[in-house]
Amino acid sequence: MKNKTNVLPREGEAQPSRCPDNTAFKQQRLPAWKPQLTIASVLSSFFLTGAFCLTVGVCLVLSANSVREIQIDYSDKCSDCSKLRENSSNWNKECHCSVNFTLKENILGDVFMYYGLQNFYQNHRRYVISRSDAQLLGRNVNIQRSYCAPFSTYRNGTPMAPCGAIANSIFNDTINLFYNHNSSVIQVPLLKTGNSWWTDKNVKFRNPESYNLSSAFAGTARPPYWQKPVYLLDEEDERNNGYLNDDFIIWMRVSAFATFRNLYRRVRRVRHFTEGLPAGNYTFHISYNFPVTRFKGRKHVILSTVVWSGGSNPFLGIAYLVSGTAATLTGFVITGIHLKLRKKKTYFQRR
Amino acid sequence: MGVTGRCVVEEERRVRANAREYNEKFQYASNCIKTSKYNIVTFLPVNLFEQFQEVANTYFLFLLILQLIPQISSLSWFTTIVPLVLVLTITAVKDATDDYFRHKSDNQVNNRQSQVLIGGVLQQEQWMNVRVGDIIKLENNQFVAADLLLLSSSEPHGLCYIETAELDGETNMKVRQAIPVTAELGDTSQLARFDGEVVCEPPNNKLDKFGGTLYWKESKYPLSNQNMLLRGCVLRNTEWCFGLVIFAGPDTKLMQNSGRTKFKRTSIDRLMNTLVLWIFGFLVCMGVILAIGNAIWEHEVGVCFQIYLPWDEGVHSAFFSGFLSFWSYIIILNTVVPISLYVSVEVIRLGHSYFINWDKKMYCAKRRTPAEARTTTLNEELGQVEYIFSDKTGTLTQNIMVFSKCSVNGHSYGDVQDMLGHKAELGERPEPVDFSFNPLADPRFQFWDPSLLEAVKLGDLHVHEFFRLLSLCHTVMSEEKSEGELLYKAQSPDEGALVTAARNFGFVFRSRTPKTITVHELGQAITYQLLAILDFNNIRKRMSVIVRSPEGKIRLYCKGADTILLERLHPLNQDLSSITTDHLNEYAGEGLRTLVLAYKDLEESYYKDWSERLHRVGSAPEAREDHLARLYDEVEHDMMLLGATAIEDKLQQGVPETIAILTLANIKIWVLTGDKQETAVNIGYSCKMLTDDMTEVFVVTGHTVLEVREELRKAREKMMDASHSVCNGFYQEKLSSKLTSVLEAIAGEYALVINGHSLAHALEADMEVEFLETACACKAVICCRVTPLQKAQVVELVKKYKKAVTLAIGDGANDVSMIKTAHIGVGISGQEGIQAVLASDYSFSQFKFLQRLLLVHGRWSYLRMCKFLCYFFYKNFAFTMVHFWFGFFCGFSAQTVYDQYFITLYNIVYTSLPVLAMGVFDQDVPEQRSMEYPKLYEPGQLNLLFNKREFFICIAQGIYTSILMFFIPYGVFADATRDDGAQLADYQSFAVTVATSLVIVVSVQIGLDTGFWTAINHFFIWGSLAAYFAILFTMHSDGLFRMFPHQFRFVGNAQNTLAQPTVWLTIALTAVVCIVPVVAFRFLKLDLKPELSDTVRYTQLVRKKQKTQHRCMRHAGRVGSRRSGYAFSHQEGFGELIMSGKNMRLSSLALSSFAPRPSTSWIDTLRKKKGCEGSSAGSPSGAADKTLRV
């Protein structure tokens, strides 16, 4: 016995150098959760998913239905103007047109005014990259090295501010809304600021620093398609001018698809319009500057309210309803198949 | 290796001894062996060059170059270079470590010391400095450093003994002899003057052939293989010898035989490469479609849109724009073949290798060797093995022969008994028999049945005669270093075991001279006069000695194969013979190697006559063999049966069980051995490869092409006939069309035994298919007496025609070529050498670990790798195809859907770790179950878990996901607005929404795929999601934007977009729609068509104890048919050597003057005690009694 007790530990000491450690990790014995698809878990997940989707779907459909929306395509209604704009030499000629429409019932709540464009490929790769974020941040950068070309500098070397295809192609129609109330025409008060993302307005865009805006943009020129330089975008409001102009900021946030709508104005809820837009006749007065016929595009002006799920968008609600139904049905089908084949299965197990 | 490098093919080799300058003219390879690839300087360029030979890496380099062209660069350059650099670095580090270890092992071999005769003085030199033409001195038990011409040795007549186990796997000792003229050169001064020149054949791989001539002192001496010592051999029982280096380093026969190192790829690798090519084709197709789309779009729409977006400089036509967009799309769609695939695969394999290295259950405590995965790239192939090629000696067997049982005069000894005399079960062994009475006993010998020793002590005459025979009838040489310390040099371990047994039981073979044998019989030295040795050969399957006892009686002792010997017994032996036969059956059933012992008394006159005739025949030159055989035959007749011995060729632990389980797992096991047919077949039986239930065991031993063909044809016919009778000619129609399938569907169990000669013919080009078909139809195949190269050829043959994964396992240098050829090579790290281990992909010390390696590690590896690949392709298709769909909405402009950082990080950060964790840790069933249900191994062999079909399913799932991933957000975003009235469908919000839902969907999917959620899986899956959001918010943060406004354009996007309920509802809907159908399909598949593993899991779940139905291991105790195994792995001609006295040292010859007749008083007293029971037993040894009584 003595010998044994003496010898064994010594062997034990010599061993560890080569003997693998007996740890759960190294021996692949880590404790683990082993989920399995059992009939109970699968069926419950299907019915729960189904119920969830159906509930969400119903909510979405209901709320989407409560959205009021008016969409007016004015690209044809102002055909004279569009013809005029087809010839780019007329760029400085003004052209106005008006579009009438009637609201049969009141639109209550916040009303948003959008312009919509169709077939305008803001998501084209070359278009998307054609901007200089550093320039828009008010930095003095060499835009020649950005992707702004060919809208970066004029031949004489004057840089464009802002540069790039996006800025150059800004939507420059002016749309005003008038309410024909008892034969008097009231201009609907519209808010032109506060429409863009806070981060865009406060982080992403900055005017170059100087004692005033025009001197800040000294040495630069407006993009070729612009009628006025960037520091005159909004002469009334200093904080909505230059790169900080809301319309500009919104335009610069390019859309994902060729058909899109951008927020243009919000109805200011004062006087007649504290509840929203009352029923009646309205007129859009449009200063038509943005040519779309060249690329077979269309322009819309849209008035809409919003709910918690956003504007009118039936797709999501319907999609939820469909997938909820599908999940529930699949649950029943699986139950059916399982019950039908249970006999076989127990046989298999017993064997 | 080095040979291929030389441009001039060597036609003959001229080597002059002690003339380095002369030999240097020929620029023979030096003895330095180099298996490493790089050194410090060449590492970077060579390694990079090698890495860029990989198609994948070149492809990514090409992409990188594309991305640097501004017109087409749709992605920043870093999306490719970051992963590429990562990949190259990881691979380079791995290669560097591998090569470091190769350097180390090369150095170890190259720096072995040997004594070289330089300038007349023996100097210690490293192996690598040994040159062709040097004379080197070897000492006992040293490895031979190069292929040497034996010049002289310490033994008389220039003999020396070598063990060639490293070389050809034969474990018996071999004799080599120097040519007489050089044998006299005993000391260094003589050798230093030796200036003979050898002209011989160029380096080749034939181990048993050597042809050359020695020119010395104006005469020619022919040289043969008999004069050569080959590298890899070990010098045994020879104090020293001198040799002239003929071939060195890569030219040695050992190295020539080791085959070329090939880079092994797994079948998954090959499949993966094919699939990557297909994907590449698919990518080009997508590129072409989108390029055409682009051309049309630019032609129809883009032209009109030019006022806002003019074409780039240099682009003048829609067609050219389409061409550019093709390349742009190739860049953004390249993520279908992500570079991280290759790295991840390597990482997973590395993980699996570590698990193998760490496995405590594959650690051999006795030898202190853990299992080692030496190649880290083959793991999943371990789960697909269909053929195992195993060496025998050292792999299946321990190469230890143990005298296990015997039958003497109808009484069987050797069963292990417990106190009460019952047969004891294994494991509860009592103390072994105590041999302390015998000072000459070998302490290592163990025997468990005390009754045999009692019988000896009681003086049972039969038992005495039995052991006397064992101590006399053999060709063992003895060496007595000091008094009582006997060493036997047995030519075969069997003989050694028998003589050792006799020694321990009191019949100690002490010494021999050409004419005498001295035996200590129970303490008394008795010298027998050795009259003749009737040597063993393959046909005779027996050997005899004729001795004259001190009393003058002439007796013939014979031992041999039972089939042969039982026919040659005297009719008187009938009863005994039948009892002994029963015993033999019993022994054979236990897989023991049996021998029958018999003796015969010869009349003086008869012997005289016979020996005269023998002498005459011996001197007659023609037909000597035939005459001798006839004479031997004549005298070995009417013998008296003494009994039988049973030797256990000790199997490695757990071999039969392992083979049984592997067989149940549908793995076919072929034994390829250099050993003899009988031995091999015996082992086949004892490890249950061959069983008595087998319908038939075909033995192919033909010597000519025709014979072999005929034998193979007959075997096939028999198998066909059997299956016909079973199937009523069902196969008749198919027969002509598809022979192979018919043979594989054969009903009975067959086995094939083929020997080296026949195999050589069978492997010829016109017969190999025939041979393969026959062999593959058999459940077990044993090839015996095969050369190392033939082993490789057999493996190659199966690889070539069967498209199956092969595994070769062996322990010796003779297995190296086979190990290198097979898909997977496994080396047994035994006591003998490490060549096999060095050449192997996996090594461990016990054959039984193979089942764990294959059924547990291999199976899991395969499963994990398949799951990994499926998921990987899925996630990348889901990720990339979104770009394709988006192409139709963005004017085919190659605009990406996601942020470029997301594209860079998706594969290396967001989705890599969860799938890696699954690839490393996943388990479908616990390891015990894989052993209990070997059938679980089958999916791997049939390639069920990842094949082209599975691949397409994954791809389809990926594409399905990508469609939903794009079109659901599209539907939602098309003309929706946010809850604050602002625009929702801006590009950046869309990108964030799609990316987030993609990350969530693939995370849910990996959660679904992961069957084994360890803490690590949890951490990685949740961590990846967390990392995604953390990185997302960081990238979209103000600070980063202010620093790099051009790089981080998505500023503020995450907080704005992800604050929208609509966005989250979109993400949720996408996830539900992507995952729910998958769950439904998975469950239905599980419910309707469960795999075995599913069932095992299920039963595990409900904790139903199921009996291990699949195991049908039979335990010991079956009745086996008798197999005659003349167990000697023995060479002919050894008897002659002994009789000639050539191998006797002069000293021992001098000692062996006839000893005076010993007094047998000790034995007499013993006998008297027993009275005359001995003779009254009516035994055949009545005569023996008389001879013994003085």
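Every residue number used here counts from 1 along the chain in the order it is shown.
Glycine too: its Cβ is placed from the backbone N, Cα and C atoms.
TrEMBL names B:Asp391, B:Lys392, B:Thr393, B:Glu495, B:Phe536, B:Lys559, B:Arg593, B:Thr673, B:Gly674, B:Asp675, B:Lys791, B:Asn814, B:Asp815 for binding ATP. Of B:Arg503, B:Arg785, the residue it gives for the same site is B:Arg785. For the domain 'P-type ATPase C-terminal' (B:837-1090), the model's average pLDDT works out to 91. The stretch with the most CB contacts under 8 Å to the transmembrane segment (B:1015-1035), chosen from B:75-93, B:275-297, B:901-921, B:990-1008, B:1063-1084, is B:901-921.
Same-chain residues lying 6+ beyond the ends of the transmembrane segment (B:951-970) with a Cβ under 8 Å from its Cβ atoms: 275, 869-871, 873-882, 884-886, 889, 897, 990, 993-994, 997-998, 1001, 1066, 1069-1070, 1073-1074, 1077-1078. In this structure, of the recorded positions B:Asp391, B:Asp811, B:Asp815, the smallest number of CB atoms within 10 A of the CB marks B:Asp391.
Residues of the same chain lying 6 or more positions beyond the ends of the transmembrane segment (B:317-343) and with a Cβ under 8 Å from any Cβ of it are 54, 56-57, 59-60, 63, 66-67, 69, 71-75, 80, 83-84, 86-87, 90-91, 272, 276, 279-280, 282-284, 286-288, 290-299, 302-303, 311, 872, 876-877, 879-881, 883-884, 887, 892-894, 896, 903, 906-908, 912. The Cβ of B:Thr393 (Mg(2+) binding site) has 28 neighbouring Cβ atoms from other residues within 10 Å, across all protein chains displayed.
Sequence-remote contacts of a segment are chain residues at least 6 beyond its ends whose Cβ falls under 8 Å from one of its Cβ atoms, and for the transmembrane segment (B:1063-1084) they are 957, 960-961, 964-965, 968-969, 972-973, 989, 992-993, 996-997, 1000-1001, 1004-1005, 1008, 1057.
In the three-state DSSP classification, B:Asp391 (active site, 4-aspartylphosphate intermediate) falls within coil. Secondary structure from DSSP puts B:Asp815 (Mg(2+) binding site) in a helix.
B:Asp815 (Mg(2+) binding site) sits 7 Å from B:Asp391 (active site, 4-aspartylphosphate intermediate), taking the CA atoms of both as reference points.
Rounded to a whole number, the distance between the Cα atoms of B:Asp811 (Mg(2+) binding site) and B:Asp391 (active site, 4-aspartylphosphate intermediate) is 7 Å.
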